[in-house]
Amino acid sequence: MRTRFAPSPTGFLHVGGARTALFCHLQARHVGGTTVLRIEDTDRERSNQALVDAILDGLHWLGLDPDEGPLFQSDHTQRHTDMALKLLEEGKAYKCYCTKQELDDMRAAQQARKEKPRYDGRCRHRSEPPSDQPYVIRFKTPLEGEVVWPDMVQGTIHIANKELDDLILLRSDGSPTYNLAVVVDDHDMEITHVIRGEDHTSNTPRQIHLFQALGWDVPSYAHIPLLHGEDGSKLSKRHGAVSVLQFREEGFLASALNNYLVRMGWSHGEKEEFTMDEMVALFDVNNVGRSAAIFNTSKLLWLNGVHIRQSGPEQLRGELMWHLQRLGVDNPNPNFIDQIIPGMQERVKTMLEMAQMAMFYFKAPTEYAETAVAKHLHADILPAYAALLEKLHTVTADEWDNGGLERAFKVVMAETGAKMGKIGQPVRIAISGSDIAPGIYDILQLVGRHESLRRLEVLLSFFQQRVHGANG
């Protein structure tokens, strides 16, 4: 089996395209086949290298690197042209000299008769073609019968040939059209299975005709349902993030996005959570449903949190480091990253949230969250906090661990009568700037004795000024 993902570099890799790439990847991997990436860049005006790079980056982040490619459609223009000329020589195509005005008049007349606008084939049997007039080359679509194919998702599809007009193969400037290029490339790249969005279904009968006219084997087709927003309309930018790399920037894991996308049209019992290995083992495009899949960002966010909680530090390290560097942390130490991850996994739903929470490990807070200050820095707890800070100064570097810190806290709580919930939150605010942070003993150890005591002293000054200022 050879599948292909064939995006056009006229926009970023969006989630709909990513799901198609994922389905191609899974179907090929499931049977030990091969995936090919073909960049369909024949629209030279709208294609550019930056968008090609963005597509490659998106696929790489998702873990969907192809076995072959990227191959560029524009590299095979001469081959596409040769095949059109071959069909012309064999009488399976013809030169059409119709002017734009003629075509416009033809469509206007058809619309006036309430007919479907289509080319009427008037140049098929033109006896005296003008010698100096520009022309296109059109395919002679069969006039009778129908095209039938067993779609792996949609079931058997029948299209009457009378619904199809004579497809342009070469434009008047000699450039090949999309459908011709796709057929030639699919044949030359030995593609056996074409998995693509159902918006391509209308191209399939035309492409099947070309395969047959050229004497080539027709691949198997699977047209998967499109992604829709929660309002039922086709997914677009107005529904929020649609670019794969934008999801990364917002803190989603590739594993979670893949997991969510595979569930857009496919299921395996009641199971919601899948690893890539599980998807490869279980996925079959024949089991993809026909109805449109609704993209629900809230559900993706929930699933992302599940993947964060179930992943080991080594699985999250690279993504957290990427986000930290974007937030201004230079070259974070991987071993230190592995130590801080477990304390945050249960508290966040995105890797961006984790990176933002982790910033205090690298940079002391320059201000404190107003809600945390108002809630926890009260005059009645100031004496206990001051006593705790004094006690922590007596804890040596060798004792600065869970056991040593816990003993110091317990002594102060016994002496002052303060509860852990009361005395602990000011410590958390001092170290992290917020009352939402990992365990107190953990953050004191990870920030280190010297820096922790410095931050605790800074908060003491702030605390005293706040209390005395309020009383004064």
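Glycine is treated like the rest: Cβ placed from N, Cα and C.
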**Complete:** Between the ranges 89-93, 174-178, 234-238, 314-318, Swiss-Prot assigns motif ''KMSKS' region' to 234-238
**Asked** What range among 7-17, 29-39, 62-72 does Swiss-Prot describe as motif ''HIGH' region'?
**Response** 7-17
**Prompt:** If you draw a 10 Å sphere around the Cβ of K237 (ATP binding site), how many other Cβ atoms fall inside it, taking every protein chain shown into account?
**Reply:** 10
**Complete:** The DSSP breakdown of the region 'Disordered' (112-134) into helix, strand and coil residues is 1 helix, 0 strand, 22 coil
**Asked** Which ones in the same chain are close to C96 (Zn(2+) binding site), with CB under 8 Å and 6+ residues apart in sequence?
**Response** Y119, C123, Y135, V136, I137, R138, D166, I168
**Prompt:** Excluding C96, C98, C123, H125 themselves, which residues in that chain have a Cβ inside 8 Å of the centre of the Cβ atoms defining the Zn(2+) site?
**Reply:** Y94, K95, Y97, G121, R122, R124, R126, R138
